[in-house]
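To keep things clear, I will list the structure first and then write my remarks on it.
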Amino acid sequence: MNLSATLILAFGMSMDAFAASVGKGATLHKPALREALRTGLIFGVIEAITPLIGWGLGLLSSQYIMRWDHWVAFTLLAFLGGRMVLAGWKQQPLETSLVGKHSLGVLIATAIATSLDALAIGVGLAMLQVNILHAALLIGLATLIMSTIGMLLGRFVGPCLGSKAEIIGGLILIGIGCNILYSHIGEAMLAHLPG
């Protein structure tokens, strides 16, 4: 795999984290650059680690992992997104409804959920001639950049939306989960078509 293909892969893999970061940034009144960088760093590190794990597991057993990763991602994202939607629906003041929503634990759970597709990519990369450390580093760096930008973009969207920002952020997470599930189910259905 050449450098341009790896870069395209890296930025493609960062899109889920970017969308989640926009939603997360929108729920904050004004996320500071420090908070945006923290989010980008957490998303980037986890996004870099998961293809390494997937690559290692792919050398052992790719079929089992690829059978379940999309369900785990969907469940985590739907749960986190559902919590955000319910809190926004109750129309709690934004400051109180978000207590704990941006905690390290929630941030890591969101990052893991959006990076499970990178786990599957890692499994696939195990079948190719690729420098996995180079690919993982580029994926992590692209995700760090895109997540930081996403948080900062969400900053401008949030004040316009008020308490609806949490609902939209939750719907974005649910949408990402549904997209992951849909793409894997669609691929499975296409694989079973005759001809």
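From the backbone N, Cα and C atoms, a Cβ is placed for every residue, glycine too.
Features as listed in Swiss-Prot:
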- 3-23: transmembrane segment (TRANSMEM)
- 40-60: transmembrane segment (TRANSMEM)
- 68-88: transmembrane segment (TRANSMEM)
- 106-126: transmembrane segment (TRANSMEM)
- 132-152: transmembrane segment (TRANSMEM)
- 165-185: transmembrane segment (TRANSMEM)
Ranking 68-88, 106-126, 165-185 by the number of C-beta pairs under 8 Å to the transmembrane segment (3-23), which range is first? 165-185
Considering pairs 6 or more residues apart, do the transmembrane segment (68-88) and the transmembrane segment (106-126) have at least three CB pairs under 8 Å? yes
For the transmembrane segment (106-126), which partner among 40-60, 132-152, 165-185 gives the most CB pairs under 8 Å? 40-60
Spatial neighbours of the transmembrane segment (165-185) far in sequence, C-beta under 8 Å, 6+ residues away: 16, 19-20, 22-24, 26-27, 69-71, 73-78, 80-89, 94, 97-98, 101, 110, 113-114, 116-117, 154, 157-158
